[in-house]
Amino acid sequence: MIAELEGIDIRENEALKHYTYTQVGGPADFLAFPRNHYELSRIVDYANHNHIPWMVLGNASNLIVRDGGIRGFVIMFDKLNTVRLNGYTLEAEAGANLIETTKVAKFHSLTGFEFACGIPGSIGGAVFMNAGAYGGEIAHIFLSAKVLTPEGKIKKISAREMAFGYRHSVIQETGDIVISAKFALKPGNHDSICQEMNRLNHLRQLKQPLEFPSCGSVFKRPPGHFAGQLIMDANLKGHRVGGVEVSKKHAGFMINVADGSAKDYEELIAHVIKTVEQTSGVRLEPEVRIIGESL
């Protein structure tokens, strides 16, 4: 226990595989769950003062944590999950579940968030990655965000400053961490919103291997192509390394079918990139982030 951080939920040498969608990942030296911005500031100030590395893990849905784990503090925002409405503006803390946030918009007959109704993860991660699906993306509704800088300061970033691109935002370079974000929604027809969300969720269930642990879509969409189709054309559907395989249901996904490891994921990703480039001339770029230390 760290005396200076008494009262904050901090777990030492905690295996991260229990917190990731892939169900892989080694231990964090310190895994912290702040309940509010004050506790978050205490953790970051302590880490910076003592030259201890720190990072925010989010909901770890489009992420692979290596088997050696992560040194220093890993901060999870599970308890920072408030969602508020002010007219047609929705404000959500970074730890708010993205799918549950879309349900809040639906309940209040607000349209604009339907595209995200089946995307796993957190609000903070969705902004970081400019998450999107079925023609929609976070950039289309984003207004602004409060972020925590690497130095521990809080500042506001506008939509223009966020410089969104395909699965990209400026904070991927700056290291700023989203604390909360505001989104501009519009009044809509409740039944129409429900129908659209039901349609998109049905498509996901038909096409995606939701019954297995995975990191979601592994590769970015290459211009003029679909990653899943290129992987199928390379005869890699069902290809397996250790306990991880290319999904037979959707080749753009890699699933943990038999107690796989992060090493299995990395080797399979590398094999797919190499083989697809050999067969099609297209070099796939991972969408999934890989962090931490190897064993």
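Glycine residues also receive a Cβ, built from the backbone N, Cα and C atoms like all the rest.
Keep in mind it's a predicted model, so treat the numbers as computed, not measured.
Quick look at what Swiss-Prot lists:
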type	residues	note
DOMAIN	23-188	domain 'FAD-binding PCMH-type'
ACT_SITE	Arg167	active site
ACT_SITE	Ser217	active site, proton donor
ACT_SITE	Glu287	active site
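Positions of the features from Swiss-Prot, shown on the structure.
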residue: Arg167; record: active site; DSSP class: coil
residue: Ser217; record: active site, proton donor; DSSP class: strand
residue: Glu287; record: active site; DSSP class: coil
Distance between Arg167 (active site) and Glu287 (active site) at the Cα atoms, whole Å? 7
What residue among the active-site residues Arg167, Ser217, Glu287 has the most other CB atoms lying within 10 A of its CB? Ser217
Restricting to the domain 'FAD-binding PCMH-type' (23-188), what is the model's mean pLDDT? 95
Inter-residue C-alpha distance, Ser217 (active site, proton donor) and Glu287 (active site) (nearest angstrom): 7
